[in-house]
Amino acid sequence: KDKEEDESKEEDSCSQQNRASRKKNYQQKNSDGKKAGEEGSRQRERGKKAPTKDQKESENKEKKTNKKEKEGDDKQKTDRKNSTTSSSNSSDEESLSEEELAMLMEQVEQKKKLISTMRNKPWRMMKKLSVLREAQAFVEKFEGALGKGKGKKLYAYKMMMAKKWVKFKRDFDNFKTQCIPWEMKIKEVESHFGSSVASYFIFLRWMYGVNLVLFGLIFGLVIIPEILMGMPYGSMPRKTVPRAEQATAMDFSVLWDFEGYIKYSALFYGYYNNQRTIGWLKYRLPMAYFMVGISVFGYSLMVVIRSMARNANESTADGDDDNFIFSWKMFTSWDYLIGNPETADNKFASITTSFKESIVDEQESNKDENIHLRRFLRVLANVLIICCLCGSGYLIYFVVKRSQTFSKMQNVGWYERNEVEIVMSLLGMFCPPLFETIAALENYHPRIGLKWQLGRIFALFLGNLYTFLLALMDDVNEKLAEEDVVKNITHWTLLSHHNSSVGNGSTATPPPLDPADVPRGPCWETTVGIEIVRLTVSDILVTYITILVGDFIRACFVRFMNYCWCWDLEAGFPSYAEFDISGNVLGLIFNQGMIWMGSFYAPGLVGINVLRLLTSMYFQCWAVMSSNVPHARVFKASKSNNFYMGLLLLILFLSLLPVAYTIMSLPPSFDCGPFSGKKRMYEVIQETIELDFPLFVAKIFSYVANPGLIIPAILLMVLAIYYLNAVAEAYQRANAELKKKMQMQREEEKNKRNNKASTNPVLQDLEDLFTPSTKSESHLKEAEDKKIDSPNRTSPVVKQDKAAALGGSPMTGGRGTAFTLPPHMFMTRPPTPHVWAPYPGQPRPRGYPLGPVPGRGRGQPRY
Amino acid sequence: FFFFLLVYRLHGRYHEMAPNVVPMDYTKDPDVKLPMQLIINMPELKENPFRERIVESFSEDGEGSLSFNDFVDMFSVLSEMAPRELKAIYAFKIYDFNTDNFICKSDLEKTLNKLTREELTAEEITLVCEKVIEEADMDGDGKLGFADFENMISKAPDFLSTFHIRI
């Protein structure tokens, strides 16, 4: 026994030394090597040993009980006192009987469990340390006796790899979020203006992504091949500026109108040649042009619908977790990782905004006033708005009619020429605020109000769009008529040129006519393209100027004139502008519609749009942050911005219609564009099939295009849609049912708890302090433990403090008491759970010297 | 091993805060405590609205001064490896401002004011507090006991990700 005590002391001093060396190491690092040379290196060696030990201990903690057998043995291996301990253990082992062995096993298991759950206990570090130490000593002692272990190293390695992997994944996630463009910008806007404003910017970003893809498609497959491999500028009439325009073709005012050199560039439809293949690659440009035109629509449709479906999925996926909105916001919204004042400011702002959003939601759901009055008001508002829409529709119709008569007359004034545009922009300016005033009658939740507002303005703008289209159509028809005439003239000119050269009686080959001199048709496709590009550009400018004047100048004025004004500008009339979500979203959507419509006739349009979106992202972010104020009622954006997507889909469809119409039923111009010389644009496909594919493919196509096949296919699709719809409905119903059940269950649980709590509130109180892991113990035990625990917490005992200060290195001393308890003492103890109850309250036999190391105070009883 | 490194680093931090008070060598079991003022000025805690509460709930005497043991304790609970139950217990302590083992309305109000820097109106605060109690209070005593709190927090999706400090 004495020998063992000695050992323990030795061990303890050893560990102390270890710790000392560690501290010294630290000092060394800091104070640049007080001790140098051999001594230092030896210390380092020791320092290295200490961590390995620590590792064991920390892993001990994490270990589950099923690994129990393996540890002890390994521990012994690593132990410096390896031989002596094992010998003493083995001597004990021989004296054990079978029953005792089993008991021992059980105890060891319990200790193990304690060690593994040690982390989870809300004890003070000191208590943890002492309990841990004791338990470890016990386990260590007996596991060697009972078990054998292998694979410890493998396990450690695995743990390490798992940790590394987790860390890597986290870093990778961080990296990924950093890669999302403008994420920080949008987050910043969101934290100050709420998720509804941020939803606009997210939508803008999404749009930018889509446009980037379209841009890549068009540039990669149409424009770049044309520039690289097509005939160069000036080689043929369609690629040359006509003689009459050449003088002014480089003027800025001309270029600004997209005439002159820009008109005869690869940005527009008319520049492309109808040569079937170009360059050494035999690139089939007309075919590519057609396919890209189609696939722009195809891709957009696919993307919009896919994102709609995903949004719908998301909104159903996490729709049921709304039981604890406020609690979660209250207790989990602060991110404890934040250590940067700016981020913290943002976080405060965002938490406040999110609270406000939820409050608005809550107030809305609580409102139940006069329902009849509300209904009446809503009906009234809708009637008013429909009147407005009808009136504006009629006004547009009237103006368009008038403009047609004006266009036939000569010498009309500036107003008459621009009447349509003026009326349109006036309508666009005054109707939305009018709608907003009317919408105030309805008193909707702002989110729903926004949707209504969007829908109404959308309806208004549709009129705008369609008058524009009608005007274009008229234009096109005119151009078509004109074209027939020009066609003859061109024919005649070429012929006469030929004739004249022949008539001169010289050589058979006439001198080539300069391409700039050839009379040419109006090329309606390019006209349409130019029209749309102009509209887009002016739209961009108007948007930016509105932001600059309406928001920035106003904000500056309000801000700086407030000092010398007779009323409070900030609170009073002009004040700061709010961010106009509906207007901006609609602007974006209509702009996109224009892009879709125009991209077939002006391939360069998408490039302009990409630029526009890029600049407006930065510009609007800046404008919002610098000169707007948050809405009076900040509201949460709906989880899925499917409403925006729905509008986008609608506009996509609407812009698809005119393009499809022109492709299918208007003849292309005879002297410009990739399809010149064909009756219809789609003939390019037939041509490719006939010329480039084997015969049977052409046959198959002709069969497939048979109406007898198409009509059944459409029927089949309709049936499939019907079926899927029915299935979806059934699922929805089932979902609602399940939700109801869950709600009911929750209520039931609440009630049950209510009853329980009323019967035994004391128990409840006691349980509060403890983790689930200790709940298995009897409540008596808990009470006892609490009694002991609480004085510790409230009244600082000097000795305890001492010990606490000592515990600075929580695990190195772990072996200190390891060898102090003679092994056979444990066999006398019954294996009850009380044995491993919290240490200080535990009645334990102290017949043997515990071997407290002087001055460490760990093994000493605390009471 | 990781744990060792962590403690090593923590000691470095602890020492850094008051180099003349904290000894480098812990073998001579010095009785050292750092006052709250020093602790809450750590960059990790400086911006935290609950910094006083955090330090208080981890200090042994409840006054806010931390011994090194408490210090280690604090960061082990707030580390990523700490289990959810343990975090929940200390979160409960932190949000329990008046240390009566319940989160009652006044605690909630204090929490809310700290979170929003007192930018909400009085009605809004009462509304939110009422909502929280209504949502999370299972036993109907008008305040949140630990069982309520744990039940609520165990379902929260981002509790684990937000309630930790990296050091």
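Numbers here mean position along the shown chain, with the first residue as 1.
Cβ coordinates are placed from backbone N, Cα and C, and glycine is handled just like the others.
Since the structure is predicted, the reported quantities are computational estimates derived from the model, not experimental observations.
The transmembrane segment annotation in TrEMBL falls on one of the ranges A:531-553, A:600-622, namely A:600-622. Within the domain 'TMC' (A:523-638), the DSSP-based counts of helix, strand and coil residues read 82 helix, 4 strand, 30 coil. In this chain, the transmembrane segment (A:420-441) does not touch the transmembrane segment (A:643-664); fewer than three CB pairs sit within less than 8 A of each other, excluding pairs fewer than 6 residues apart. For the compositional bias 'Basic and acidic residues' (A:742-752), the number of residues in each DSSP class (helix H, G, I; strand E, B; coil) is 11 helix, 0 strand, 0 coil.
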